[in-house]
Amino acid sequence: MKWCSTYIIIWLAIIFHKFQKSTATASHNIDDILQLKDDTGVITVTADNYPLLSRGVPGYFNILYITMRGTNSNGMSCQLCHDFEKTYHAVADVIRSQAPQSLNLFFTVDVNEVPQLVKDLKLQNVPHLVVYPPAESNKQSQFEWKTSPFYQYSLVPENAENTLQFGDFLAKILNISITVPQAFNVQEFVYYFVACMVVFIFIKKVILPKVTNKWKLFSMILSLGILLPSITGYKFVEMNAIPFIARDAKNRIMYFSGGSGWQFGIEIFSVSLMYIVMSALSVLLIYVPKISCVSEKMRGLLSSFLACVLFYFFSYFISCYLIKNPGYPIVF
């Protein structure tokens, strides 16, 4: 019995020693890998450290950007690679600063510097952006970049510089919340500024001088301003925390959602504007025939013109509604 107890104690001591040694080795490997990060949190893969890095780190997401900084054998460079690399480093820096608790490692590998990666992944072109999720604890020893499953980000020239789209892609996979800063778009600002100034000057110089009762006009505008958001879905947008402007994969503004049970914030204003225009045209159609200072022939021409414009706007309204409800039967 005494010898049996001694054997059990020795066996437990050996197991504890092996566990402590393996834990220390794993910790040592993590520390060694983390020291390779640059200022934005990205690790550059070389031919020397590739065997170590390609085995991954337990519990960490591996975000791998495969690029070509120089030229290929034909002397051609990869412009898409250069364009996306700025986006890659920018988003990596945002995640490093805003979500330090997230267990992830960003890697950049140049196919000219690490040809073994090209053979392992059987690459035919560049660039590629892949994300390896952490391996299960019992399968960590089998984890390798060349054999493990991954998520792939679609890289095309249209989204190469879109930090918001790439940040959203990673945030969903890593299950984190980040805010990607956007560069100030001068061209877009000038466009909206000029448009607003034209409308403002037109109202000030043309509309207001002809208004005798300005208080009544402002009261009507205020009433419409309160009424229209209510009937066009402002509360729905507010309750569901829907963003005001949504963009598609090509960074274009989506003015209408593809379903009658959902809407974007911008739809409040687009639908309100269509209601206002059609209401104004209907009112003008009623009052134009009653204008005495205009000849009967001119009143007839104006009425016909307003009717055509109203028909056009209603047809446009129906075409927008078909985006929401493609099965709507009345189309003209």
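Just so you know, glycine gets a Cβ as well, placed from its N, Cα and C.
According to Swiss-Prot, the feature signal peptide maps to 1-24. Swiss-Prot lists 25-188, 238-267, 324-332 with the feature topological domain 'Lumenal', giving a curator's inference as the kind of evidence. As annotated by Swiss-Prot, domain 'Thioredoxin' applies to 35-162. Residues or ranges marked as disulfide bond in Swiss-Prot: C78-C81. Sequence annotations record features per position, and here Swiss-Prot assigns transmembrane segment to 189-209, 217-237, 268-288, 303-323 based on sequence analysis. Feature annotation from Swiss-Prot assigns topological domain 'Cytoplasmic' to 210-216, 289-302; the stated evidence is a curator's inference.
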Inset, instruction - May I ask for the residues of the chain that lie six or more residues beyond the transmembrane segment (217-237) and have a Cβ under 8 Å from a Cβ within it? - result: 211, 244, 263-265, 267-268, 271-272, 275-276
Inset, instruction - Fewest other Cβ atoms within 10 Å: which of the disulfide-bonded residues C78, C81 wins that one? Let me know. - result: C78
Legend entry - For the topological domain 'Lumenal' (238-267), the number of residues DSSP places in helix, strand and coil: 4 helix, 4 strand, 22 coil
Legend entry - Within-chain partners of the topological domain 'Lumenal' (324-332) [C-beta distance under 8 Å, separation at least 6 from its ends]: 256-260, 263, 315, 318
Inset, instruction - Could you give me the DSSP helix, strand and coil counts for the domain 'Thioredoxin' (35-162)? - result: 40 helix, 29 strand, 59 coil
Legend entry - Close approaches to the topological domain 'Lumenal' (238-267) from elsewhere in its chain (Cβ under 8 angstroms; 6 or more beyond its ends): 158-159, 162, 164-165, 232, 320, 323-325
Legend entry - Residues of the topological domain 'Cytoplasmic' (210-216) by DSSP state, where helix covers H, G and I: 4 helix, 0 strand, 3 coil
